[in-house]
Amino acid sequence: MPSNKSVSDAPIVQFTNCRILRSHQLQREDLWVREGKILNPEKLFFDEKGSADIQLDCKNSIIAPGFIDVQINGGFGVDFSLATDDFKSGIDLVSQKILSHGVTSFCPTLVTSPPSVLPQISIRNGGAHGAGILGAHLEGPFISKEKKGAHPEHCLRTFEAGAFQDLLATYGSLDCVRIVTLAPEMKRSSEVIRELTKQGICVSLGHSVANLSQAEEAVQHGATFITHLFNAMLPFHHRDPGIVGLLTSDKIPAGRRVFYGMISDGIHTNPAALRIAHRAHPKGLVLVTDAIAGMGLAPGRHTLGQQVVEIDGLNTYIAGTKTLSGSVATMDTCVRHFQEATGCSVETALEAASLHPAQLLGIEHKKGTLNYDSDADFLMLNDGLYVQATYIAGEEVWRQDALGM
C-alpha cells in the first residue's frame, strides 16, 4: 500500500520486532516515527491511509525513551564549572560522548564557582552533534558550609536583605537556568524559592543541614527536588529525619510530588539505602550521574570547579581527603546498578532515568515517554540494558556497531 503524503512528505519509519516501553510496560508493538515525532499508527492507517516508507528490524531489542541527566558536572576531561576559552567545544564534546551511554538530553551542572561560565550555556535541541541541553543546573553557592562537599567554602553565599536580588546579582541572567540547588534552612530562602518557582525554575534542596520542618516549608513554597539524596545532608534520624523525611512526609501539598536524585554508582549510596529510598517513594526517584570531568578518563588527578579531585576506580575524592566529590559512573551504568541493587523491573529502572526526570522538569508531554506525538528520542537496548543505539528526533545518532564494539 503506497504512503499517502497528503499530511506530510517526510518519510515514515517503522521500527519492527521490538519491545516498546509505553504506559509503564514493555509492549510488543512497532514504533512509528515521522518528522522527529512518534506517530499513532491508527491515525496513520485510518485517517491518512498511509504506511511505512522504511522498515527497520530491531532484532527483539528493547526500545525505551532516551535518558535525561539533570545533574552532570562534566566528563571526558571537561569541567562545566571552569571558565575556559574553548568552553563551547568542551560542552559539545560531552554532549556527543554521552550519546553512547543513552543520554539524549541533560542539564549541565555548575558547582559553586565564579559566575563567568553561566552566560556560555545555551538551551538547544539534540541531534547528531550531541544530546540536547535543557538548561543549567546551578548547584550553589547558596548552600550550607557544614555540608559543602566539594564546594569551595570561600565562594559560598547567604541571602542578605535583598534575597532574590542577591541571587540575581550572583548568577546574572536566569534565562538558561532550569534547576537551582539551595539550602532551605538559610534565612530568606522561602521568598527565593517562591520567586524561582514563579519563573518556572525547579528548586532543589541539597548541601543542607535542614530539619524536616524546614524542608517541608520549602516544599510548601514550591521546591520539588532533592539533590543527591543522602549525600551532603544530615543523616536520617528517627526523631527528625531531615530532608530524607520528605520521601514519606504527610505535609506535601495535594497534587505535588517531591522527586529526589540518586547517584546509583555503588559508591555514593549503599545498595540498602537505595532500596530503602526506592521502596519508600518509587515514583519520585530520579537517577543522576553527578558525573565530573573524570568520567570516561583513566584514574588520577582531575578538576571539579575550583578543586582538585583524585579518581581511584569508581571513587572520586577531593585530593588529599576522603570527601566524595561527584561520580565517574555513566548513566547506563547507573540504570543497570539500580535495577540490580533494588530488584526492580526493567521498566522501573528505565523510567527512573527518563520519565521521572521529564516529570520533574515538566516536559513529560514531549520527553521521557514514547507516547504518540512526543519527541522521538529513544534507545535500543539489549536485555542486559546495554545501549545498542541512540536516536534523537527519530535520527540515529550513535550505534555500537559503528564503533566496532
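Numbering starts at 1 and runs along the chain as it is shown here.
Every residue gets a Cβ built from N, Cα and C, even glycine.
In TrEMBL this protein carries:
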ACT_SITE  D290  active site, proton donor/acceptor
BINDING   E139, H207, H228  Zn(2+) binding site
BINDING   A150, N231, A232, R239, H268, L324, S325, G326  substrate binding site
DOMAIN    62-397  domain 'Amidohydrolase-related'
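Positions of the features from TrEMBL, shown on the structure.
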| residue | record | Cβ contacts under 8 Å, 6 or more apart |
| --- | --- | --- |
| E139 | Zn(2+) binding site | Q71, T109, L110, V111, T112, H151, T181, G206, H207, T227 |
| A150 | substrate binding site | V111, L304, G305, Q307, V309, I318, T323, L324, S325, G326 |
| H228 | Zn(2+) binding site | Q71, G206, G261, M262, I263, H268, V288, D290 |
| R239 | substrate binding site | none |
Residues near A232 (substrate binding site) in space but at least six apart in sequence (CB under 8 A): K147, K148, G149, G206, H207, S208
Among N231, S325, the one of these binding-site residues whose Cβ has the fewest neighbouring Cβ atoms within 10 Å: N231
Shell of the Zn(2+) site beyond E139, H207, H228, same chain only (C-beta within 8 angstroms of their C-beta centre): Q71, V111, G140, I143, G149, T181, S204, G206, T227, N231, A232, D290
Site of maximum Cβ density within 10 Å, from recorded positions H207, H268, D290, L324, G326: G326
Confidence summary for the domain 'Amidohydrolase-related' (62-397), mean pLDDT rounded: 94
Cα-Cα distance maximum in Å, computed over every pair in A150, N231, A232, R239, H268, L324, S325, G326 that the record assigns to substrate: 29
